[in-house]
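Heads up, the thing below is written out as structure tokens.
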Protein chains: 2
Amino acid sequence: MSRLAPLSGFPEWTPSERLVEAHVIDRLREVFELHGFAQIETRAVEPLERLGGEAEASKEVYVLTRRGGETAEFGLHFDLTVPFARYVEERQGHLTFPFRRYQIQKVWRGERPQEGRFREFYQADIDVVARETLPAHVEAEVAVVMARALQSLDLPPVRMRMNDRRLVEGFYRGVGIADVAGALRSVDKLGKIGHDGVARELAAQGVPETAAEAILHLARIRSSDSSFHEAVLDLWETTPTHADGEPQKLMAEGIAALGALVEAVNAAVPGTAEADLSIARGLDYYTGAVYETTLEGHEDLGSICSGGRYDSLVAGGGFPGVGMSIGVSRLVSRLVSRRMLVATRGVPSAVLVAVMDEETRAASQSIADRLRARGIACEVSPSAAKFGKQIQYADRRGIPFVWFPGADPTGEVSDGEVKDIRSGEQVAADADAWNPPAEDLKPRVVRG
Amino acid sequence: MSRLAPLSGFPEWTPSERLVEAHVIDRLREVFELHGFAQIETRAVEPLERLGGEAEASKEVYVLTRRGGETAEFGLHFDLTVPFARYVEERQGHLTFPFRRYQIQKVWRGERPQEGRFREFYQADIDVVARETLPAHVEAEVAVVMARALQSLDLPPVRMRMNDRRLVEGFYRGVGIADVAGALRSVDKLGKIGHDGVARELAAQGVPETAAEAILHLARIRSSDSSFHEAVLDLWETTPTHADGEPQKLMAEGIAALGALVEAVNAAVPGTAEADLSIARGLDYYTGAVYETTLEGHEDLGSICSGGRYDSLVAGGGFPGVGMSIGVSRLVSRLVSRRMLVATRGVPSAVLVAVMDEETRAASQSIADRLRARGIACEVSPSAAKFGKQIQYADRRGIPFVWFPGADPTGEVSDGEVKDIRSGEQVAADADAWNPPAEDLKPRVVRG
């Protein structure tokens, strides 16, 4: 067999690292459920015509063919929004709206492998979707749930930066930009190609220089409350080409909504939210709030949680909603590689029950079962080697306790003693009553 | 968008049904961990040359191509054994042996869709793999863990039927069958094509009639302890063509091992295990115990948990182990369709906090947050509609309690009252102290 080298872009963890990933996923589940989000899972595949929307994403789709077959049957989903939209469309008659769902699954993108880009990764999405109209307060609610979910992981502070598409679109149109989506896609690259790079792209799109300067200026405005509106209005007034009327009205709506959003999120999760008018998000379908989230000190990771408000989840229209998505694998990869979170041990067992000889293995198993009946994970030594060897076996696996059955005077096997192999302390113990210290009961995931 | 009909073979559950699936998976995790199995996850894809082993399985592989690309890059795994073998081979220097791992993931098979056959489904595998030699007691241990895992789901009794490849191979060779693997594959179809069908296949393989009758007779032997050995030895002695020597020695080894196995499993999990000499398992790589498991009253489902002992996990040799795999989706599909397990509600929320008017939404949110701080899942009403409408909203979603904030004489919002909308009972309550009855705290999965 060849190709034993790991495949670039397909991360796989050691058992200890998997504990970190499972911990992150379990915590997210917990917070999502506390806020009333129900879990769904969708199949990994979608019909190819459903995976063709965005030209750029489309190239990244993995197409599936049955071996020896000719016809491509499906593609693997590249996000959780496409399958969620299809799920809602299929089952709309059986769901209760607003529908609050979360979904934590792997997605696949056929990207050229490169540093930090995965081709298979976990995403964790929440969405609230209405049938007809979705109240504005959901834009704050979804951001608050995600901020709390991330905070529950005991990481450095998260910073959630927000903008509003109406503000941006009103302003862009007001200063004379016809192709708002095109300009937005360029501004979205600000972090990558910088001010001059974006300016060049805008010029290439035929955006007049004053308009380009105005929207680049707009992208520098930020505040952690609603005070950004003064800077926006100042800029608007001083941009020579600005046009009042419909665009201005749209912009004013966006300003009011964004101010309320930032203040509501900061009221619930202080110090988290910031209005940042550079936030663009590449995707066309957002129509209100848009979000990006960075981890303090790890801004190079890019956004670990993004999303926005959309008018129509499905192609035919209808089902307005707000959704955000955490890039779980990207986050876990950083947590693991920098040892920001680590598991206290790599195996679930708190206790290794030693075996005196093969004839008394059943007695050792019975001690193990009595411990398990009280929720204490354990395993029985695979061999009846010398006790020193059995201790070594536990030590190599990070199992903190070794239980030594004893032989009582009648020849029966007694419960015997349990040893903390870290301290060497050994005490007589009853398998129906002994407990490890709470912090040793299960592997825990703690700051590294 | 076309093709809204569900794709045959790709099951997707409603939120309530997903709760059943998640419950099953969580329980399996719990039991596996109590027995010291560590979780790993492997990527969904493997190089194609690793997915070509079994001719039949090979055709079922889904091949992946980047859209617009020409070259097939990988295939989706069709089980969890192939990726586990590769994982062990890659990381052998970093794992501690015997390595005890569990793995619960989706697998894909490009089968022609048909009743009860899935193309995407969850499997839950456990394996214990040694570097050099694996003691016989692991064959019992793995079966016991799986029996307990299935029992933890509160299902009808499970029956685990076992055989031993050495017994079968010794007997087959002893009665003059040259192609043991071919004969085994035919006997494996006994349930599907019956005695006469198997006899015809064996004749077509050139197996003499006396030998065919003997192995078909062998397949009728069963017992729930080691007493089967008498029937085997009787049959052996009365089969005219039998040859003593090497095959007989192998058979005797198998008889002793299978007797010890059945008795050990029944000692730990009474009434579960049975020696059933018809159990063949199609796969070539088993070398000792083989297992199949049926659910009482649901034998038509086929085996829900199968596996066996193998000498070499990896192609180059080495890494003997024992593994079993639960077909989680097949099981869940039955549980859901027959309503054998049902969720007490489809949403996590125990409480809907009502909203008096949009001005006091923040007060309602604060009540919700105080409940969440004590682990009570809740959501805030999406609209400030009449209370009757808000109760209806809770009712439609199965949320058992509605919390009504009150206006105290100073105009401040007070905690108010909470109503059990099933009984109509309504009481004044403090959001820092009130608790729902334990059975309402979370959706539970119970017998239907």
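Glycine residues also receive a Cβ, built from the backbone N, Cα and C atoms like all the rest.
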Residue among A:R66, A:R67, A:R109, A:R148 sharing the L-histidine site, where TrEMBL lists A:D79, A:L80, A:T81, A:Q123, A:D127, A:R281, A:Y285, A:Y286 as binders: A:R109
Range annotated as region 'Disordered' in TrEMBL, from A:41-64, A:305-328, A:425-448: A:425-448
In three-state DSSP terms, the structure that A:T81 (L-histidine binding site) belongs to: helix
Distal contacts, the compositional bias 'Basic and acidic residues' (A:439-448) - CB-CB under 8 A, six or more residues away: 19-20, 23, 154, 338-348, 350, 375-377, 400-401
CB contacts for A:T81 (L-histidine binding site) [other CB atoms within 10 A, all chains]: 23
Local Cβ density at A:D79 (L-histidine binding site) - other Cβ atoms counted within 10 Å: 17
Overall pLDDT for the domain 'Aminoacyl-transfer RNA synthetases class-II family profile' (A:28-348), taken as the rounded mean: 92
Residues in the region 'Disordered' (A:425-448) grouped by DSSP into helix, strand and remaining coil: 4 helix, 6 strand, 14 coil
Candidates A:Q123, A:R281, A:Y286: member of the binding-site residues with the richest Cβ shell (10 Å): A:Y286
